[in-house]
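Quick notes on the structure that follows.
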Amino acid sequence: AGVDIQTACLGLYCGRTVLSVNGSVETYGDCGVCPRGQRTDDNKICRECMGSPDRYDWLYLGFMAMLPLVLHWFFIEWYSGKKSSSALLQHVTALFECSIAAIVTLLVSDPVGSLHIRSCKVKKLSDWYTMLYNPSPDYITTVHCTHEAVYPLYTIVFIYYAFCLVLMMLLRPLLVKKIACGLGKSDRFKSIYAALYFFPILTVLQAVGGGLLYYAFPYIILVLSLVTLAVYMSASEVESFKDLLVRKKRLVVLFSHWLLHAYGIISISKLDKLEQDLPLLALVPAPALFYLLTAKYTEPSRILSEGGNGH
């Protein structure tokens with residue numbers, strides 16, 4: 001029976017739903033799209049997703065949850081200015097919004113009311129793009145079998161972003177209006193306006209590149225944490241350990257980048273072998289130390305002056 005179903009049901013993700021079960025005998029429906037929360041097995045039968053996300057899946061979801069939070073913090077800092085003392089409270093509010101959104105998203109996901117979620121295992125990149133694998137048996141009629149084969153890793157991110165946006169619109173304007181007295185009327189809401197731009201961008205990014213991000217996010221974290229740390233230190237004119245200790249804000253930024261760097265290393269290694277993977281975390285401070293030790297040799301003014309003396 002399995003061979004007959006395999007040959008009759010075309011397409012990589014088309015399957016037959018189980019209509020009824022009588023003892024060990026199952027009755028199947030026509031070949032087509034699997035219902036939400038199911039995906040096809042090796043015999044092209046739609047089966048319930050009864051597994052749970054593995055460690056890498058949770059790290060991916062954590063990365064997608066961090067994106068809006070990091071962007072919130074960046075734009076709050078960017079638009080708050082040096083005169084405003086309200087940035088810290090806005091940072092805390094953004095963290096509160098994203099945390100509550102994440103908890104609510106888990107609670108409304110199946111099983112409802114639990115922080116655990118059931119999921120299907122990601123087997124390959126094509127699992128994220130089932131819409132590209134709808135078969136055309138006669139090259140005229142297309143059998144639409146698009147469904148979420150990676151349930152719920154694809155749609156749960158959209159739900160989370162929706163809750164983030166709603167909570168931001170409910171909480172942030174009232175907070176900013178009361179505390180952002182150091183800013184002008186046109187500036188105090190700019191961080192909120194920025195969020196109204198980057199949330200649609202993040203949504204499109206997940207819709208188009210969700211599968212690519214799933215496999216590439218550890219390397220994206222490592223590269224971005226290195227580049228942004230170097231840019232920040234250069235812009236803040238940090239050239240020694242003493243420059244770091246002058247302002248607490250610089251230390252906070254440094255430790256934040258270290259946390260991101262550690263997250264990237266953990267995501268790559270997956271901590272499958274603790275005795276081999278944990279020592280890799282010792283590399284986290286290495287880029288910052290390298291920058292501080294070599295910054296004085298790469299000062300542009302010094303290079304120009306030495307070049308001038310050489311001539």
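Counting begins at 1 with the first residue displayed.
Glycine is treated like the rest: Cβ placed from N, Cα and C.
Per TrEMBL, transmembrane segment is recorded for 58-76 (among others).
Taken from TrEMBL, the feature transmembrane segment applies to 88-108 (among others).
Under the heading transmembrane segment, TrEMBL lists 151-171 (among others).
Away from its own ends, the transmembrane segment (192-213) comes close to residues 60, 63-64, 67-68, 71-72, 75, 78-79, 125, 127-129, 150, 153-154, 157-158, 161, 164-165, 168, 172-173, 176, 220 of its chain (Cβ-Cβ under 8 Å, at least six residues beyond either end). If you look up TrEMBL, you'll see 192-213 (among others) marked as transmembrane segment.
Cβ atoms under 8 Å from those of the transmembrane segment (219-238) belong to residues 63, 213, 244, 250, 253-254, 257, 260-261, 263-265, 267-268, 287-288, 291-292, 295 of the same chain, restricted to positions at least 6 beyond its ends. Summarising the annotation, TrEMBL assigns transmembrane segment to 219-238 (among others).
According to TrEMBL, the transmembrane segment annotation covers 250-266 (among others).
The feature transmembrane segment is assigned by TrEMBL to 278-295 (among others).
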Listed stretches 88-108, 250-266, 278-295 vs the transmembrane segment (151-171), most Cβ pairs under 8 Å: range 88-108
Given the transmembrane segment (250-266), its same-chain partners at Cβ distance under 8 Å and 6+ residues beyond its ends are 59, 62-63, 218-219, 221-222, 224-226, 228-229, 232, 236, 238, 243-244, 277, 280-281, 283-285, 287-288
